[in-house]
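Beneath this line is the structure, given in structure tokens, with notes to follow.
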Amino acid sequence: MEQTSGKIGIREYIAIVLLTIGTKLADDLPAILYSSLYNAAWMTPIISGVISILPLYLLLKTMMYYKEKSLLEIIVHLFGNYIGFVIIFILWIVGTAAIVIDSAIYTDIIGTMYFTRTPTIVIYAILIGVCVYAAKHGLEQIGSVAKAVLPYIKASLFFALILTMIEGNFAFLFPVLGPGGWEVIKESSIRLSIYGDILYLSLLTPYIRKTKDFTKGTWIAFVILIVELTIAILAYVLLFDYNTAHLLNYPYHEVIRYISIGFLANMETLFFPFWLIATFIRFAVYLYINGLLFGRLFRIKDFEHMIPSLATLFLFLGLILENESIALSELRDHLLFVVTPIFFGLPCMLWILAKFKGDYKNEKT
Amino acid sequence: MFKNLITKYMTTSKEKLYTQQSSEEAISIKEKDITSNLDHTTSTFKSIYSYPNNSDVKFRDIQIGGINKKAVLVFINTISDTDMIEKQILNPLLLNEEPSRKIDDLISAQSVSTAKKIRDILKEINKGNVALFIQGEKQAFIINAANFQGRGIEKAENEVSLIGSKEAFNEKVMTNISLIRKKIKSEDLVIESTTVSKRSNNEVYYVYVKDLVNDELLQTVKERIDQIDIDSIQNLAILEQHIEERQKSIFPTILNTERPDRAASFLEEGYIVLLMDNSPASLVLPATFWSFYHTAEDRYVRLFYGNVTRLIRMMAMFIALFTSSIYIAVTNFHAEMVPPDLLLAIAATREKVPVGAILEVLFMELAFELIREAGLRIPGPIGPTIGIVGALILGQAAVQANIVSPIVVIVVALGGLSSFAIGNISMNFTIRICRFAFILAAGAFGIYGITALFVVGIFYMVSIKSFGVPYLSPLTPKYLSSGDTIFRRMLKNEIFRPSYLKPKDMKKK
């Protein structure tokens, strides 16, 4: 009889990363990319991915060096108590903003695409309620569920993308560079934050069985994500052409309405549950990480108990945003800009400071 | 706080209402040792057993031949083997002619032991053994002669198997142990026993394979059983409810099986099996979700046959859970999903039905559950009636009376039928109860409600532990094991025992 340690293994970690970041291909992220990059939007995941390798590498290197410390402890260790507190506080604020904006967007998706007559607050409350229930169970349970459902979610996505590709037109890809090469690189690099969640996910290291699992898992998940996001964004363009695609707020949901097999003309209700499950898990992870940060900031040891109250706060903040539904994707875009420097800068600073403090030298000698 | 006060008030007032008779005197007598005075001992036992009002307790006075000592045999003749008592105890004692022989040598029964304390002697007599008191001896001889009445070994009725052995456990624990021993002929198979209840002195038998079982697990199980403080535990089904971790949960966490072959195969993996008198079953623990989903048959048939059955059973599980709720969700919320022809057909049949789809489905589900429950409780000879009534009410009359639409009959019947494919009774209940929850969720929020409830359910399932073992292991969290979850593998590839049990020997071969 093995008493579980409350920690997750590499499989669970990869599942969590894939679900939190992978779900982005099914919200309004592709729409945001299409609006500035047209049919070259599919290059963004690759270009940002390539650029992200640097901060990721530095982050993992720093974390591998302070093996026994969590990211938060490393930040405090390197920046000192006060600046450390400020940085963690900023992380928490940005994380909170992300949850509020994203959950409002997801509520909007459910409301506008599937349940037009149900009051928003009910949809929102169920979304947050289920996620709180999930998050309160702790990371081990979230990881277990993520791992258990991942194959089915990805299979449904794969199925949808295959059907999309079959119906798609490859001529829509041209001109390949869309608005121009320089534009593509510029726009892609200011949206590095697509992968910014990894920075937040690295807060989970104390709950992962081995540090090596974390680094290995991150790289594996990262590669899968790049491929997955690229293919998805490519698929939407193939089906709709960029002109239509950038008008669509939620391309994935339009896609699953569009495709059909045999006598089943409207298949979205088949794909919708899988997307929902992924969504629930994604926000459960977000809420958990947010609680973790909050707990660290205000020295609350059993931070899991804070999650319901925090989530209620997010719910009401999100409802305020929800009333301005046109503003939502604007806000999301702004958030992507804000997170980018943090995602790029923080690991670099950590690494430089670690070098400066001479901790690396000690390692070599 | 108020709750505490109220319960406090309730208990004190109740205790005042019912004044108890003090049994301290009786208890203090039982704690004493017997004396060498035979008449005194006999009268003590007669008063304890309310002799001669208590008609099946026998006191047999004899004069032992050869030694010429007075003696008394005490036993309860309804639970002991009277034939054996006569041949192996009475005859040798009465017919003895040699004055030098000891009592142990006189009696030819299987086992003879001695006891001094009155309580211990009573316990043995209550088990069906014979107590022999001899004038001048400060101890009683306990002679093994128990013979409880019970059924013979019969076919398994709830867990039917076409190819496997047909024997099932019966209500006699000794028979059950012998059925297990028949399958595991090993000196490492240990059967320990302990008394769990205070008044009825019910015994629980731990069965395990010594060189496989994890000692810590065994210790936990023993502690859990030792903590039970209750007057009587009649059988395993009651015991199961006492030792479960989450007693209000709808998911079972201990497997109740009536097949000795299944129990034996679990033992060989390192699980612990509990047996008790009066239960035609055994408890296997810890149990994971998979043990409720598997049947013995899956492993007896060839790889593909077994996996096809498993596939069908998994489908049945999902159909039983979701058909009704998906029907409601689709007709109420996602009508665009159904092809127009079918949608029109459904609408046409529903035209005359006065109630909404959800009421219609709930009504049919309830009718189905009623027929099922009534069919279970109905005496055998009038059994067929229920089938006719069920078929007529459900299949024909309800539709013709425009209370339900034909498609709802199909949907509910399909779900109901599928639920029979889940063999385990506990899991069957779980699925049936969950089905109603899903119907309500679908009625309120369509697919969104179903999915939300499903996610909550999955998180709940993942959080359940049975004696420290996660409920869905080895699927998640991942553990090294034979990989026998949704599908099974080739038998020759099943190399490992489940590592979540931490058995002493991981490799099967």
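Just so it is clear, glycine is given a Cβ too, placed from its N, Cα and C backbone atoms.
These numbers come from a predicted model, not from an experiment.
Taken verbatim from TrEMBL:
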TRANSMEM  A:12-34  transmembrane segment
TRANSMEM  A:40-59  transmembrane segment
TRANSMEM  A:71-94  transmembrane segment
TRANSMEM  A:114-135  transmembrane segment
TRANSMEM  A:156-177  transmembrane segment
TRANSMEM  A:189-207  transmembrane segment
TRANSMEM  A:219-239  transmembrane segment
TRANSMEM  A:272-294  transmembrane segment
TRANSMEM  A:306-323  transmembrane segment
TRANSMEM  A:335-354  transmembrane segment
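Contact count against the transmembrane segment (A:189-207) (Cβ pairs under 8 Å) is highest for A:12-34, out of A:12-34, A:71-94, A:272-294, A:306-323.
Comparison of A:40-59, A:114-135, A:156-177, A:272-294, A:306-323 by number of C-beta pairs under 8 angstroms to the transmembrane segment (A:12-34) places A:272-294 first.
Counting residues 6+ beyond its ends, the transmembrane segment (A:40-59) has Cβ neighbours under 8 Å at 30, 33-34, 176-179, 184-185, 187-189, 191-192, 194-195, 198-199, 202, 218, 222, 225-226, 229-230, 233-234, 237, 242, 343-348, 350-351 in the same chain. For the transmembrane segment (A:156-177), the partner stretch with the most Cβ pairs below 8 Å, chosen from A:114-135, A:219-239, A:306-323, is A:219-239. Note on the transmembrane segment (A:114-135): residues 103-104, 106-107, 141-142, 145, 268, 272, 279-281, 283-288, 291, 304, 307-308, 311-312, 314-315, 318-319, 322 of its chain, located 6 or more positions outside it, place their CB under 8 angstroms from a CB of the stretch.
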